[in-house]
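Peer 1: Okay, handing you the structure first.
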Amino acid sequence: MAVNEVAEQEFVPKKKKSPSDEEKEKRRKNITPGSLMKAEMRPGAGTARPVDGDQVIYHCTVRTLDGVVVESTRSELGGKGIPVRQVLGKSNMLLGFLEGIPTMLKGEIAMFKMKPELHYAEVGCPVAVSESFPKHDELHFEVEMIDFFKAKVVSDDFGVVKRVINEGEGWETPREPYEVKARISAKSSDGKLILSRTEGEPFLFTIGKAEVPKGLEMGIGTMTRGEKAVVYVTNQYLTESPFMSVIDYKEVQFEVELIHFIQVRDMLGDGRLIKRRVRDGRGEFPMDCPLHDSLLRVHYKGMLLGEEETVFYDTRVDNNGEPLEFCSGEGLVPEGLEMCVRLMLPGEIATVTCPPDYAYDKFERPSNVPKGAHIIWEIELLGFEMPKDWTGLSFQNIMEEAEKIKSTGNRLFKEGKFELAKAKYEKMLREFNHVNPQDDDEGKIFLNARNSLHLNVAACYLKMGECKKSIEACNKVLDSSPVHAKALYRRGMAYMSAGDFDEARADFEKMITVDKSSEPDATAALIKLKQKEQEVEKKAKKQFKGLFDKKPGEIAEVGADIIEKQKPEEENRENCDEKDMDKDEAVGNVEADPPQSDAEAVAEQGKKTANTKKKSTLCF
């Protein structure tokens, strides 16, 4: 062997052994010459032998060396007539079987002579036996290999195992609450037919509704469309159901042909927003669905739940037969409708049952739809167009495409759809990870654009009340541009909203030192900060006022009075805070389309603040 070949072998990483493999190797060290002997009593057929992962089915009779039967699976020898079913290498097995069974052919009968340490007397033997069993004797184990095949272990305790007869199509498998059509027959372990649903219409049931035994449902849940399989289910998984009401078997073998299943998705997980596929689409789910923001073309009609005969809108009637075209991720259709369309395939038809808060209660409501109405949509996805791929585009073209998406985010922000706006900005930031400016000029443009997006994200978080995340977004700008006045301003506003007044003051004061032109903005922010501090101080004084002027028994009562008096005042303050947030937007407005300069906005803000202060002493 060449030197380089030896070196390659030395440095090839060895496959890490699983705990079960290590345990088997440890057990095999107990095998000594002559402790396990095999005699072939009837030859088997073919050349294939069972390997780890195969389900093996065999009859076994245990005898003493003088021929006395100790136990047997065969009915003629006192057993139940039910063969042993195990998964080689996974089920708990005698050490002698672990070594002997992989040597057998299908149909073969062999006699294994085992020393005690190879069967039940093995130290730490994983298979239990009764006290009366002669486990310290050398014994004969007669084994008939009935069958073996590759198995799918469905349950960890081997109570549900599947054998694939014919592979199905695709990879999607049914799950709760899918509707399933299947032809099913059931047999006992000795081959006796229990029931059959193989003639006429396939049996229809819903996953998750206990309409078939639990083990059968688990097995079908691993099958693909068109697959044929045998599902072996032990009694602990043979729950009563409409399909099979009497369960009095140790094990049942279900022969299943999965004809079809209808995808039913609980979109929210609480049963309120349900998408049910009526007609299959083209392609593979979910790879060929418009999961990402896309231009979508759909036909749909809308009905009120419980009044399906009344259609309040139909694109084929009310839109001159033209489909609806819209871009996902822009809040242009009700949220529930868009969520479901994103999980449709082209050509698919689905019905959607939608609650009011995902239909029209938070969206422009048609005049003929009452408030609080539950909606049924029947939707057909005609097709969709994915966003333009930036691969191969010039830097200028990339920035132009980025500006379009950013403008959409700005529109969503102005409409108060902060979550959607944030998603647009964050999408751009992810795309920017793959953009490489080629010179200093492009680098400057790119840095400014990226900083602008981070600050827009910060503005969204601030509007959503997530001050900590807003601060983190600002830090991403300040990490690369420590003297960025706008980032200092926005982070200061986030600190102020979070009640971290010292940090806010430090940011506003730093603004003045790094950029003199931002002094009006910083000054106005410091004034507002002072007002906020005074509010908190005033509130604290009121909270403790009079507590120490009362007798001990009256303290609780005084505290209750203060809380009651503060309630209306706090409500007004909360309302004022919301107004202040709106005013802040004029100062720290979304980066892309500022209506006025920061200085002008702050000056106007100062005038409004003064007027507000005169009108109401509750705000400040």
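Backbone N, Cα and C define each Cβ position, glycine as well.
Residues or ranges marked as region 'Disordered' by TrEMBL: 1-50, 559-620. Per TrEMBL, the feature domain 'PPIase FKBP-type' maps to 53-149, 177-262, 293-385. If you look up TrEMBL, you'll see 485-518 marked as repeat 'TPR'. Under the heading compositional bias 'Basic and acidic residues', TrEMBL lists 562-586. Per TrEMBL, the feature compositional bias 'Basic residues' maps to 610-620.
Relative to the rest of the structure, where do these features sit?
Peer 2: Per DSSP, the domain 'PPIase FKBP-type' (293-385) is made up of 14 helix, 39 strand, 40 coil.
Secondary structure of the repeat 'TPR' (485-518), assigned with DSSP and counted as helix (H, G, I), strand (E, B) and coil, comes to 31 helix, 0 strand, 3 coil.
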Peer 1: Taking helix as H, G and I and strand as E and B in DSSP, count the residues of the domain 'PPIase FKBP-type' (53-149) in helix, strand and coil.
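Peer 2: For that range the per-state counts are 15 helix, 37 strand, 45 coil.
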